[in-house]
Amino acid sequence: MGDEVVLLDTFVSVFGMRVRIALAEKGIQYEYKEEDLMNKSHLLLQMNPIHKKIPVLIHNGKPICESLIIVEYIDEVWKDKSPPLMPSDPYKRAHARFWADYIGKKIYDGGMKIWSSKVEEHKTANKEFIECLKVLEGELGDKPYFEGENFGLVDMAFIPYYSWFPVYKKLSNLNIEAECPKFVAWAQRCMQKESVSKSLVDPDKVYEFIVLFRQKIGVA
């Protein structure tokens, strides 16, 4: 009997996209269940009773929560399937975890400031966001991917935001192409991978989602 794999997710979630990419990289078949975060399912509340958040990977009835933990779990459980998602060297693994954590804290928070803030706050939010991208460009350097020649954890943690960047541009005139060309070249390289291009959501759908959400929270 094969593995039973279910993913509880929301289509616009950058965290869910990380997991979708990891599953695609490993070639794992799974059942996708879309969650309405305004009306969370009994299954989600049962499988993640602490945080009540997506994504949740359910593997043979057992839940694994938090996107980066899920990605590492996928790599460990299906280690016989190529490619590896994490470096084999302990130091390099720790280094990758550091930058994936940085992305989760700085890029997510910075992006949220842009799409949830008022027009008069956009200039400051844009400046802070670009500063974070510049830090990541420095870490990327001239490497094809953050871990060198191989697409890995940091790339998986970061690339889902690429589908949100056109939204930031529409809302706040943030011109990432002009400010961070090295990042854009890296993103386009990642998008050539089928696991990435098929896992990222259409930016127009993200924009529709954000417009509705801004209306709900009363942001003009």
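Heads up, the Cβ atoms here are built off N, Cα and C, so glycines get one too.
Annotation source TrEMBL lists domain 'GST N-terminal' at 3-82. Per-class residue totals from DSSP over the domain 'GST N-terminal' (3-82), listed helix then strand then coil: 30 helix, 17 strand, 33 coil.
The annotation domain 'GST C-terminal' is assigned in TrEMBL to 89-209.
Per-residue pLDDT, averaged across the domain 'GST C-terminal' (89-209), gives 94.
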